[in-house]
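For 37-59, 71-87, 93-113, 120-139, 145-165, 177-195, 207-225, the entry in TrEMBL reads transmembrane segment.
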């Protein structure tokens, strides 16, 4: 297993643009009341940097590992979703929801179906059901069904990420932990969005949503680096 120190040394420099772009977003803190293409660019810039993070590992790396390609595709749809949500008050919330639904399908496929880990699936299902039961009284019209489908998709994605984390044996890796934490943070971010939009105002909602969202995307992008780490280790 590749040590975290080795990972920080090898992957840290590639993530510097992402951290800088994230700082730019929080420093500028552009008002959401006046959406524009500039504000969309600033919001999407950290995700663009994660595209470059994966591309920096080489075209051959992406070509040989389908999980890396799926994560990259998920990041592309995430950026589209971010852009649509800039104009959510103008009727593009559902468009953003669809983009992120596709993202979760791609991430689920990248994480794979093995191991099954039924216990993790049951826990995530219970958490998802509780989230929907919290939101249900406030939903109406198509959102009653759209939110249910979305929760099912992100819950499935989280299950596949958590299922891969096996702490009790030698199969544990830092990248599986990264995927697990990323998926959980994604759920926290999206639940905050839903509660703030449909239920009641959440204090500091935007800061909570974006901080957990950017962290989630970074961790999920890092989760595929193990493919290359294993190859490097074999050559040593």
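Cβ from N, Cα, C; glycine included.
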Tertiary contacts of the transmembrane segment (93-113), as residues 6+ beyond its ends and Cβ separation under 8 Å: 66-68, 70-71, 73-75, 77-78, 80-85, 142, 146, 149-150, 153-154, 156-157, 160-161, 163-164, 179, 183, 190, 197, 220, 223-224
Leading stretch by Cβ pairs under 8 Å, where the reference is the transmembrane segment (177-195) and the options are 37-59, 71-87, 120-139, 145-165, 207-225: 207-225
Remote residues contacting the transmembrane segment (71-87) - C-beta distance under 8 A, at least 6 residues beyond either end: 32, 35-36, 39-40, 43-44, 47-48, 50-51, 54-55, 62, 93, 95-100, 102-104, 106-107, 110, 217, 220-221, 223-224
For the transmembrane segment (145-165), distant same-chain residues with Cβ under 8 A (at least six beyond the ends): 94, 97, 100-101, 104-105, 107-108, 111-113, 115-117, 120-121, 123-125, 127-128, 131-132, 135, 139, 172, 176-177, 179-180, 182-184, 186-187, 190, 194, 198, 220, 223
Tertiary contacts of the transmembrane segment (207-225), as residues 6+ beyond its ends and Cβ separation under 8 Å: 7, 11, 15, 18, 22, 25-26, 46-47, 50, 53-54, 57, 65, 67-68, 71, 74-75, 78, 107, 110-111, 161, 175-176, 178-179, 181-186, 188-189, 192-193, 196
